[in-house]
Amino acid sequence: MNLTKGLKDLLDELGLLWQYCLRDCFRALCCKGPPPPRPEYDLVCIGLTGSGKTSLLSQLCSESPENIVSTTGFSIKAVPFQNAILNVKELGGADNIRKYWSRYYQGSQGVIFVLDSASSEDDLETARNELHSALQHPQLCTLPFLILANHQDKPAARSVQEIKKYFELEPLARGKRWILKPCSLDDMEAVKDSFSLLINLLEERDFEPSRM
């Protein structure tokens with residue numbers, strides 16, 4: 001008698017547990033809310049004309065390469081990643097545009113600087129001066145920088161180590177958060193990995209005590 005009652009109680013408990021299990025599975029499958037929104041960051045993208053800014057951003061947005069036109073003023077692209085959306089304000093790199101760059105810095109949370117690693121010595125010198133100016137600008141100097149040494153697929157491309165030395169990044173950017181990476185349109189996975197590193201820096205900056 002007691003054995004039968006004990007078996008009945010055990011079966012009742014198992015039945016109750018099974019109901020709870022079915023309820024939780026149903027909630028997980030049918031009642032799950034929308035995923036949390038991805039954080040968005042406002043970035044400014046600068047570099048000389050011909051550095052490849054527009055092509056890189058267009059490829060990241062899966063745009064057709066046939067429709068790519070060099071930016072003469074500025075353009076804004078929402079570049080989606082799995083864990084964030086980057087609202088990138090790209091500024092034209094022509095001589096008559098660069099003097100107005102600083103007007104568009106306000107509100108930026110990070111900086112992308114693209115340089116042509118296979119450019120002439122004169123253009124490389126100009127790029128170095130512009131990068132130095134950006135690193136020291138009051139509205140950018142505390143922000144994370146992603147520096148892309150583009151056109152690595154060209155025979156005349158300088159290595160990352162050569163760029164780092166020529167641009168004097170170690171002494172100039174000491175204490176700042178910056179990433180220098182080689183890139184080309186032939187290896188967009190590497191470009192995406194570089195942007196993921198930048199997103200990590202942006203996320204770290206979100207959790208700094210001074211920003212809470």
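Residue 1 is the first one shown; counting continues down the chain.
Here the Cβ of each residue, glycine as well, is placed from N, Cα and C on the backbone.
What TrEMBL records for G47, L48, T49, G50, S51, G52, K53, T54, G93, N150, H151, Q152, D153 is GTP binding site.
In this view, T54 (Mg(2+) binding site) is surrounded by 22 other Cβ atoms within 10 Å of its Cβ, with every protein chain counted. The Mg(2+) binding site feature in TrEMBL is assigned to T54, T71.
The GTP-binding residues named in the record, G47, L48, T49, G50, S51, G52, K53, T54, G93, N150, H151, Q152, D153, extend over a maximum Cα to Cα distance of 22 Å. A distance of 17 Å separates the Cα atom of D153 (GTP binding site) from that of T54 (Mg(2+) binding site).
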